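Positions annotated as N-acetylmethionine by Swiss-Prot, on the basis of similarity to another entry: MET1. According to Swiss-Prot, the feature domain 'C2' maps to 1-104. The Ca(2+) 1 binding site annotation in Swiss-Prot covers ARG21, ASP22, ASP73, ASP75, ASP81, and the record cites similarity to another entry as its basis. Residues annotated as Ca(2+) 2 binding site in Swiss-Prot: ASP22, ASP27, ASP73, ARG74, ASP75.
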Amino acid sequence: MENMLGLLRLHVIRGVNLAIRDSQSSDPYVIVRMGKQKLRTRVMKKNLNTEWNEDLTLSVTDPTLPVKIMVYDRDRFSRDDKMGDAIFHIDPFLEAIRIQNQLGGLPEGTVIMKIQASRQNCLSEESKIVWHKGKIVQNMFLKLQNVERGEIELQLEWIDVSGALTDDAEDVAF
């Protein structure tokens, strides 16, 4: 694999107030894309407030590529219906990793960085990047776009496999 910086584990926690696409409910699943990579969760039957609690792991070679989240309603006899989408960038998350590597020894629960919800991102509320149980994690609620309603809750975690984000590594442009 070309210059892999590390792995990004996305914990797809849940969908909240998802759109109805069948008669009274939906059978939602999530597709996650980054560059040419495409992963998906399992389908949850008849549920608009879905608890996936599923881990999907992406290889990060180009940290400037956005992560795209797409939610669909599974249909058995026709094309699956779109239930919204969202995009986020991992630059702030990777910058928080660099900060933690420089500071080291952070107390449990330390907030390393906050990202405000704005028109330039799909966050529905402030997202904090924190030091938790010896790892850097970011919890986020993404407001689904191109749909009447719905949010997806995710947690990001970095798995360093190359040392590319440590103090000793050469600068990697973000």
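Glycine is no exception: its Cβ is also placed from the backbone N, Cα and C atoms.
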Counting by DSSP, what is the helix, strand and coil composition of the domain 'C2' (1-104)?
13 helix, 47 strand, 44 coil
Binding-site residues compared (ARG21, ARG74) - the one with the fewest other Cβ atoms within 10 Å:
ARG74
For the domain 'C2' (1-104), provide the mean pLDDT of the predicted model.
94
Please report how many Å separate the Cα atom of ASP22 (Ca(2+) 1 binding site) from that of ARG74 (Ca(2+) 2 binding site), as a whole number.
9
If you draw a 10 Å sphere on the Cβ of ASP75 (Ca(2+) 1 binding site), how many other Cβ atoms land inside?
13
In the structure shown, which of the binding-site residues ASP22, ASP27, ASP73, ASP81 has the fewest other Cβ atoms within 10 Å?
ASP22
